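**Q** Would you mind keeping the following structure in view while I ask a few things?
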């Protein structure tokens, strides 16, 4: 689904749904309050957020894995596999599996490191450890206590913040801001801070918990689009962020097509976009997360732009990995 407008700007619909949201929040509060879950013999870092929709979790998870790799640590990803039908635990095969099997994010992550899909996070973590993982990076799961975490990174979109401050479905919040931030080992604020979050977040953090600022930048492959006309489409949490990124790098976005997050593309969805791009003399462009959901025959006809997270203080991020992740590794 696409996030409704009232999730960001409060209105009558949000107030009408508030009672349902309070029930959702109570259920989450009850789940999070369960006793600590299974503790692995290896470090577990969770990359999560407090809201539904895209905040930049996947690029951060990839950055964590890259930091582990540079330290000689064998890391495995662990995902619930949202949108896929397989319950797992199962190792993601980028060639043999499709998004209908394991979801889109695991397919993207599996191109970087071994990735496991498991509805039961504890079972997935145990299988990863048994398969040789020296650390586990969880994609999402901040509100899931079944697997004990050594570090919880809470990712926040600086341009969206916490929306209207209400709970799903009245707003985007999965749980209360105070409770979610209290469990954070660090907060990563991504993008322009239009919500004054750098001042609003720290009072809710435990002493010594850092707030890191970062931005998303397109990969080097985006350079070929500078000055060219593009027809852009995306089915992510906030498609407009992708369109703005293309404009900022110098591409001429002549048409844009937003789809719902995790949208399962069919050939009938993509062909009109390809035809439009051809008619305009433009390049059809989408995100790397969308690319894994494209019909195989049409995938080669679409240009793909990935993004990476760039920290404003990279040494602070590196220190976080050293202190909170590698400290649990056997010497």
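Here the Cβ of each residue, glycine as well, is placed from N, Cα and C on the backbone.
Features from Swiss-Prot:
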type    : residues                       : note
BINDING : 51, 52, 53, 54, 55, 56, 57, 58 : ATP binding site
**Q** Would you find the one among the binding-site residues 52, 55 whose Cβ has the most company, meaning other Cβ atoms within 10 Å?
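**A** The residue with the most neighbouring Cβ atoms within 10 Å is 55.
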**Q** By a simple count of other Cβ atoms within 10 Å, which of 53, 54, 56, the binding-site residues in the record, is least packed?
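**A** Each of the binding-site residues 53, 54, 56 was scored by Cβ atoms within 10 Å; lowest is 53.
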**Q** For residue 51 (ATP binding site), write down the residues of its own chain that are at least 6 apart in sequence and whose Cβ falls under 8 Å from its Cβ; none is a fine answer.
**A** 157, 160, 162, 163, 172, 173, 174
**Q** Does DSSP give residue 55 (ATP binding site) helix, strand or coil?
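**A** Going by the DSSP assignment, residue 55 (ATP binding site) belongs to neither helix nor strand, so it counts as coil.
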**Q** Would you list the other residues of this chain near ATP - those whose C-beta lies within 8 angstroms of the C-beta centroid of 51, 52, 53, 54, 55, 56, 57, 58 - in sequence order?
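**A** Leaving out the recorded residues gives 49, 155, 157, 237.
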**Q** At a 10 Å cut-off from the C-beta of residue 58 (ATP binding site), count the other C-beta atoms across all protein chains.
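**A** Result for residue 58 (ATP binding site): 26 other Cβ atoms within 10 Å.
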**Q** For residue 57 (ATP binding site), list the number of other Cβ atoms lying within 10 Å of its Cβ atom.
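**A** Looking across every protein chain shown, the total is 24.
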